[in-house]
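Record features, source Swiss-Prot:
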type    : residues                                               : note
BINDING : Gly51, Lys52, Gly53, Gly54, Val55, Gly56, Lys57, Ser58 : ATP binding site
TRANSIT : 1-22                                                   : transit peptide
Amino acid sequence: MATVALLRSLRRRELHAAHISAYKFSSASAGGRTTELRLHGVKDIIAVASGKGGVGKSSTAVNLAVALANKCELKIGLLDADVYGPSVPIMMNINQKPQVNQDMKMIPVENYGVKCMSMGLLVEKDAPLVWRGPMVMSALAKMTKGVDWGDLDILVVDMPPGTGDAQISISQNLKLSGAVIVSTPQDVALADANRGISMFDKVRVPILGLVENMSCFVCPHCNEPSFIFGKEGARRTAAKKGLKLIGEIPLEMSIREGSDEGVPVVVSSPGSIVSKAYQDLAQNVVKGLKELRENPDNEIQMKLNVPHSSHSS
């Protein structure tokens, strides 16, 4: 079976980790990027990242990808690079093993107009991935170069949370066009978001902007906002860093329900306020990538404008 052969290959590669030069991290290369994993037919690759777990990075990546495909009418792929905690199969309602084409490349599983690949599709459900770094890097190589992505406008990469070796290696070896940093408004999450910003700066990946997830909770009875995790923390952080806030996503039960049921909220409730927030985020990402192409020297600061949320005052 192709997926079994893949996992055996990964184990062999772990034993020969010294030969995985494409993913070998060197502090001397921190100032530049390699092109080892440039993907044929993929115009742009963007990372959706967070400095810590639990801030809604994966739900943001999923709804952003679906909004890019359906609202912006683009050809989109979604790579679940969160190897230790893959959640894309559940959120996108995909559970079938990927097929292998005549070139021995895996064919991504498609749903909601998005081509998806995840380690969660290749291992048994609930099976723990007790892997060391080289094996993780080898797996990610298989899920990029070993996949027939076809022609894509954007490949959205759901990054592992944090700023460790895996995140740095992915950022260096995938030809990232830009990164989106997801955070909640509270100080502890923003401190970790700052570390993520610094990491992408060091590996010279342009930052498209920050997304403030769980920005507020709007009472369904009185329509009054409650700023449970703080107010406008990501906006202030973006301003201090000279970046832009490109999305504000409210705390809403429909996001959680959609994630658990495998129906992204932009599909289940396309006219809702929260879906509009994801659609605005998608449009801002497209604008940011367009600006980078037109102004390649302007790698960090995106001239985007996100109006204050109607619940911010």
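Glycine residues also receive a Cβ, built from the backbone N, Cα and C atoms like all the rest.
Over all protein chains present, the Cβ of Gly53 (ATP binding site) has 14 other Cβ atoms lying within 10 Å. Residue with the densest Cβ environment among the binding-site residues Gly51, Gly54, Gly56: Gly51, by other Cβ atoms within 10 Å. Set side by side, the binding-site residues Lys52, Lys57 differ in how many other CB atoms lie within 10 angstroms of their CB, and the most is found at Lys57. Under 8 Å, Cβ to Cβ, and six or more positions away along its own chain, Val55 (ATP binding site) finds Pro161, Val182, Ser183, Thr184, Ala189, Asn213, Met214. Taking the mean position of the Cβ atoms of Gly51, Lys52, Gly53, Gly54, Val55, Gly56, Lys57, Ser58 as the ATP site, the remaining residues of that chain whose Cβ falls within 8 Å of it are Ser50, Pro161, Val182, Ser183, Ala189.
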